[in-house]
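A.B. asks: Take a look at this one; I'll ask things after.
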């Protein structure tokens, strides 16, 4: 039964760049001594890059407003990267419980018996794209910097690739949940197909009742809430970093002198695009996963589903569960709601701060 195998390239990419000290199996994330040592080694490298970056890019920046933006951006970058490894290690048991819940759903519904090679290849393509993209940014940095160009090129590439791997690892976990929410939604609405949990528990009756749908929905929603709990701090860092990075790059582009290098324009433009993609990916996957989870309530009580479950409508506790249990993804312990409307708030905030800075 394939669970983590379908996003293995994303997890391996994260492991290579020190974001997770795990040995990856299909149903478990196992912390190893080698993984811990390797993650610590990467953390030391990131720490050294952080110190030199502060000295080169913050200390030598003359304009106060630009220095402040670079300082905040750099601090959050490195705190986020180092925090991810710590969180992954501390909450490893929690992550395995999440995978276990997904496995229980798969076993009960006979979902995803084999590996999805199309999805695996897509994940590989994403990893390669991220590496090529930030290597190109590093190359443009090498061409546009007047001093310490090798260090700046390496720093840009390594730091941004590492954070990108963190984000796509989180998105990969959300994708697993979205697929299963979508599958459960289809099961509820397919009144002409006898499938689901009761094929295993009650061979003589192919249709599911409300209690069984409630249990399957609870497994996935609980796993989603636990993932949100684990990554709540990281979501705040990722959103804030993308906001500040995009703001500082746009400010640089709009205040740039005509004689400055074309490569600097290209590099900062690439960075702005990457920030926009990160924000959109985080918001979109969180939004649509939550929307699909909450849509199961409507599907459960839709007319085509009601035909085969009308005998169970006396169970008011289950009905109350579906109407009260709503999935929402948040950051910073509920301070920020992560969904598509968040993008509008970020765009408005960037516009406001650009006016203030100018």
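Heads up, the Cβ atoms here are built off N, Cα and C, so glycines get one too.
Feature annotation from TrEMBL assigns transmembrane segment to 36-56, 76-99, 119-142, 154-178, 235-252, 264-285, 331-356.
How buried are the listed features, and what sits near them?
C.D. replies: Cβ atoms under 8 Å from those of the transmembrane segment (76-99) belong to residues 3-4, 18-22, 27-29, 31, 36, 39, 42-43, 46-47, 49-50, 159, 162-163, 166, 173, 223, 226-227, 229-231, 233-234, 237-238, 240-241, 244-245 of the same chain, restricted to positions at least 6 beyond its ends.
Among residues of the same chain six or more beyond the transmembrane segment (119-142), those with a C-beta under 8 A of the stretch's C-beta atoms are 5-10, 13, 149-150, 152-154, 156-157, 160-161, 164-165, 168, 172, 263-264, 266-267, 270-271, 274.
Remote same-chain partners of the transmembrane segment (235-252), defined as residues 6 or more beyond its termini with a Cβ less than 8 Å from a stretch Cβ, comprise 65-66, 69-70, 72-73, 76-77, 79-80, 83, 163, 166-167, 170, 228, 268-269, 271-272, 275-276, 278-279, 282, 329-332, 335-336, 338, 342, 346, 349-350, 353-354, 357.
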A.B. asks: Taking a Cβ cut-off under 8 Å, which residues six or more beyond the ends of the transmembrane segment (331-356) line up next to it in the same chain?
C.D. replies: 232-233, 235-236, 239, 243, 246-247, 250-251, 254, 279-280, 282-284, 286-287, 290
A.B. asks: So what's near the transmembrane segment (154-178) in sequence-distant terms, Cβ-Cβ under 8 Å and 6+ beyond its ends?
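C.D. replies: Hits for the transmembrane segment (154-178): 3, 6-7, 10-11, 13-14, 16-20, 42, 45-46, 49, 52-53, 77-78, 80-81, 84, 98, 102, 123, 126-127, 130-131, 134-135, 137-138, 141, 220, 223-224, 227, 231, 234-235, 238, 241, 267, 271, 274, 278, 281-282, 285-286, 288-289, 292-293.
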